[in-house]
């Protein structure tokens, strides 16, 4: 009979027969299963062999051998010498075939030349199948006989490699072992990166555009707010659509739609103001479905123990999108003119769309390549993933925590969207920065948000893992997200240097980022099956804040000052803090 072995690629320190291979500490263990062989009294028992890999146990006679060549392994602690014929070799190990016949002996528990053999009761199978064999040996030597039997699975995690029929199957590359749920998170992250790149480019391009087309502040405010006309229309519709047919199609549609609208923006601007307003509204339609669709997907893919950090990472994509857009837009405008910003940024959506179609799935149940262990983790740490057929609107709107979400989202977005759309103008008009400086200094607050959003996510998940209630964690994080910006915006009227003004903006945005672990995570807490609809509802209020806040800012600036703009935002932040801490909850209220 033949056998096969695996020699450690690092020091050739262990011999492993075929079966499921696992690495634990400094040992490589091989799961071998007894089968339906009549003479085997342990046919329902499973044998586990621990093979030490320390260099002091085994060493090859020489470090390299050619295929087909006979070679030996010698124990440093005994006179045992194992003779093999090299069958195949690779970077991760070598496959050997014994050069001597094997004999059958009773299998017992003993130590032979440092190789420990233990048997234990077989438990519920959980991992991949491999052909098993019975292990036998003599006290004066070590032989292994192979009898093909019914597969018997191991209970100990995923194997690093599986040896079938004497051949070594290499372990999968790291990118294939990367958790599929985090592939979804990274794709959503990159979609939101593009989302804000395409959104904020107008806040830079509007400066040369307003000079070219002779727009006043009111017209600029109208153009900036026109984006939210379309954005408002698709919030609830996008949530319903995502909850019913899945987030993959909805998010894919949104990215392609807004990318096309971005590319067509310069053409619309040259045709006239009405065409530009319509095109910006069309862009808002595409971006409006993004957040509900993303929330729907992550509610299905991410267990509650990873919820805050995954959402924080995705939303940090928005902030880094702002960083990227604000950093590169001035350079492109100065070298190629303002239309180049829209052409270059908009074309990136097609690349993302190809990756999305090939890698993303609306639900873990739809992914044929999802491993059993990861699937168990997702479904074990989450709720029912059945699609929604009917939206219980009356029940949803009767819950006080839902209204706390809606009101708080409005208060939060008023200040956020003002800073998003008007910050370059503030730097240019108040701090007297030029176009390039305005774009570069706008990067700092958004970069701060990207960093602190992820810090907040890890803090929130850590607090939950240490026993804090989800309700307490959400209230703590959101209170920071409200009161931090309120404090730093009040300081803007007292600073005397541009550097301090930029610092206050950065601190304001950095503390605002904790909201991603507060209200932005709460939709999946209170109603995970309706996460898309809930975010659509609350973000509709947030969009209204963007529409009214952006337009109102232009109106206020014609009759007042930037201090008046910031005072309105501070008042709304305080109102949001009170409503959130009184009425919000982290418990599931919608099933």
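Cβ atoms here come from the backbone N, Cα and C positions, even for glycine.
The domain 'Major facilitator superfamily (MFS) profile' feature in TrEMBL is assigned to 184-588.
According to TrEMBL, the transmembrane segment annotation covers 182-202 (among others). Taking Cβ pairs closer than 8 Å, the transmembrane segment (182-202) reaches residues 223-224, 227, 251, 255, 258-259, 262, 265, 280, 283, 287, 290, 294, 297-298, 301-302, 310, 313-322, 324-326, 329, 341-342, 345-346, 348-349, 352, 355-356, 359-361, 420 in its own chain, all 6 or more past its ends.
Among residues of the same chain six or more beyond the transmembrane segment (222-242), those with a C-beta under 8 A of the stretch's C-beta atoms are 199, 202-203, 206, 215, 250-251, 254, 273, 276-278, 280-293, 295-297, 391, 417, 421-422, 532-537, 539-540, 543-544, 546-547, 550-551, 554. Per TrEMBL, the feature transmembrane segment maps to 222-242 (among others).
According to TrEMBL, the transmembrane segment annotation covers 249-269 (among others).
Listed by sequence, the residues of this chain that lie at least six past the ends of the transmembrane segment (275-298) yet keep a Cβ under 8 A from its Cβ atoms are 184-185, 188, 191-192, 195, 198-199, 202, 222-223, 226-239, 241-243, 246-248, 250-251, 253-262, 264-265, 268-269, 307, 310-311, 314, 360, 362, 523-524, 531-536, 539, 543. The transmembrane segment annotation in TrEMBL covers 275-298 (among others).
Beyond its flanks by at least six residues, the transmembrane segment (310-328) meets 181-182, 185-186, 188-201, 203-204, 294, 298, 302, 341, 345, 420, 424, 439-440, 442-443, 446-447, 449-451, 453-454, 456-458, 460, 509, 513, 516-517, 520-521, 524 of its own chain at Cβ-Cβ distances under 8 Å. The transmembrane segment annotation in TrEMBL covers 310-328 (among others).
The annotation transmembrane segment is assigned in TrEMBL to 340-357 (among others). Same-chain residues lying 6+ beyond the ends of the transmembrane segment (340-357) with a Cβ under 8 Å from its Cβ atoms: 187, 190-191, 194, 197-198, 201, 204-205, 248, 251-252, 255-256, 258-263, 265-266, 325, 328-329, 332-333.
The transmembrane segment annotation in TrEMBL covers 402-423 (among others). Same-chain residues lying 6 or more positions outside the transmembrane segment (402-423) and placing a CB less than 8 Å from one of its CB atoms are 199-200, 203, 224, 228, 322, 396, 442, 445, 478, 481-482, 485, 489, 505, 508-509, 512, 515, 519, 522-523, 526-527, 534, 537-546, 548-550, 553, 565, 568-570, 572-573, 575-576, 579-580, 582-584, 589.
TrEMBL lists 443-464 (among others) with the feature transmembrane segment.
The transmembrane segment feature in TrEMBL is assigned to 530-557 (among others).
Proximity of distant same-chain residues to the transmembrane segment (564-583), defined by a Cβ-Cβ separation under 8 Å and at least 6 residues beyond the stretch ends, is recorded for 400-401, 403-404, 407-408, 410-412, 414-415, 418, 422, 475, 478-479, 482-483, 485-486, 489-490, 492-493, 518-519, 545, 549, 552-553, 556-557. Look at TrEMBL and you will find 564-583 (among others) tagged as transmembrane segment.
Here the domain 'Major facilitator superfamily (MFS) profile' (184-588) has a mean pLDDT of 88 out of 100.
Residues 217-218, 220-222, 224-225, 228-229, 231-232, 235-243, 247, 288, 291-293, 295-296, 298-299, 388, 391-392, 396, 402, 405-415, 417-418, 421-422, 519, 523-524, 564-565, 568-569, 572, 590 of the same chain lie 6+ residues outside the transmembrane segment (530-557) yet bring a C-beta within less than 8 angstroms of a C-beta in it.
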